[in-house]
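**Q** Okay, so TrEMBL annotates it like this:
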type: ACT_SITE; residues: 373; note: active site, nucleophile
type: BINDING; residues: 234, 264, 303, 346; note: S-adenosyl-L-methionine binding site
type: DOMAIN; residues: 16-55; note: domain 'TRAM'
Ligand SMILES: C[S@@+](CC[C@H](N)C(=O)[O-])C[C@H]1O[C@@H](n2cnc3c(N)ncnc32)[C@H](O)[C@@H]1O
């Protein structure tokens, strides 16, 4: 059906909506006069009064539910006074019970797989320990015109001086809130596992360390990690272990002496336990230098961020089977030692993309394990790998970002 031509701008219009299913992005789908309305602060099955916040110009617009006429049984009072219409854009589901949030995310992952990869599958989103609040160990704050740190309103540049944030890890924001910052700057905050807060002010393209010594101390995969605070690390304190367990489950048993690739490897969180799987005891000299042909196994970690590769070099110094390659995956792929028995890929939010997925498939690995924080990118990558003979065999999903619409997935694909 062709969408009706839109002539009038609906912005600020008040609508009464019957709210339909959840959609990717932290909103639900409703319809009004033939147009799709993406409505925030509502839940499936509710009847709400909503104000249009943005007219998409075509067949859709965006709206905020401002009054709930028939409430879902899953609705709860938000834990944060800044959640809701016109409020902070950091959380999407403060008004849903934690169990309902996981069901909403499971529905989104299932819907993306069905729509983008043609795969019908039941999805369960697993809870991580610690509850829905006090989990965020990494956060970026904006700064108001008068130097106060705050968080941005949804799809807006407006900075709300929220004070302490209930999803932030305990103590993460206090030293940041106690002082003033350069107006309009941004502040990158890390609270590490030792409880130390590191903060860097970002202003006019420059980074100015302001709090902490810049070295984050973390614990995961049975090891202690020391890494530059700006290097990637999972935001939820229990996510790193959950991801590692799911990846190892996906990797399965590896032949001693096998070669594994850990693409987008960061500081080596996944490479470390993989090294133990491939029989990584021995010295560097026993490993073949131009391929995975030595009697010892090898894990090839590829990462573009020099801070992360430096940390990997130090944190994994006791694991000589790990070879750290600094570079962009798409550039260095063809020169890597191989062939890999298994490829683990944990790309940034946009995923692998069709072309790189095809190139990975051509390496002939028996398994590809994908870690993804965007279900749409995951579904597109799964679809691209399926074109090259890889079938989705396992999927774990974790609520690693409670109160937000984000979800962390680990998918295992087997060569057919
Ligand atoms: C989602 S993080 C995963 C890191 C690691 N696997 C972990 O769990 O800690 C993605 C990583 O990919 C790196 N990265 C981004 N683009 C890249 C590229 N084109 N090639 C290699 N690494 C890249 C980032 O610096 C980041 O460390």
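Indices start at 1 and increase along the chain as displayed.
Cβ coordinates are placed from backbone N, Cα and C, and glycine is handled just like the others.
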**Q** Report the member of 303, 346 (the binding-site residues) whose C-beta atom has the most other C-beta atoms within 10 angstroms.
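**A** Of the binding-site residues 303, 346, the most buried by Cβ count within 10 Å is 303.
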**Q** Once the DSSP letters are reduced so that anything not helix or strand counts as coil, what is residue 303 (S-adenosyl-L-methionine binding site)?
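**A** Note: residue 303 (S-adenosyl-L-methionine binding site) is in a strand by DSSP.
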**Q** For the C-alpha pair, I'd like the distance in angstrom between residue 234 (S-adenosyl-L-methionine binding site) and residue 373 (active site, nucleophile), rounded off.
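**A** Cα-Cα distance, residue 234 (S-adenosyl-L-methionine binding site) to residue 373 (active site, nucleophile): 11 Å.
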**Q** If one measures from the C-alpha of residue 346 (S-adenosyl-L-methionine binding site) to the C-alpha of the residue listed as 'active site, nucleophile', what distance in angstrom results, rounded to a whole number?
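**A** Residue 346 (S-adenosyl-L-methionine binding site) to the residue listed as 'active site, nucleophile', Cα-Cα distance: 9 Å.
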**Q** Quick one: pull the CA-CA distance for the residue listed as 'active site, nucleophile' versus residue 303 (S-adenosyl-L-methionine binding site), whole Å only.
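**A** So the Cα of residue 303 (S-adenosyl-L-methionine binding site) lies 17 Å away from that of the residue listed as 'active site, nucleophile'.
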**Q** What are the helix, strand and coil residue counts for the domain 'TRAM' (16-55) according to DSSP?
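**A** For the domain 'TRAM' (16-55), the helix, strand and coil counts are 0 helix, 26 strand, 14 coil.
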**Q** Please work out the mean pLDDT for the residues of the domain 'TRAM' (16-55).
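**A** When the pLDDT values over the domain 'TRAM' (16-55) are averaged, the result is 97.
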**Q** For the recorded S-adenosyl-L-methionine site formed by 234, 264, 303, 346, name the remaining residues of the chain with Cβ within 8 Å of the site's Cβ center, in chain order.
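**A** Along the chain, the qualifying residues are 232, 265, 266, 269, 270, 347, 371.
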**Q** Are there residues of the same chain, six or more positions away from residue 264 (S-adenosyl-L-methionine binding site), whose CB falls under 8 angstroms from its CB, and which are they?
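**A** When sequence neighbours closer than 6 are ignored, residue 264 (S-adenosyl-L-methionine binding site) has 302, 303, 329, 345, 346, 347, 348 within Cβ distance under 8 Å.
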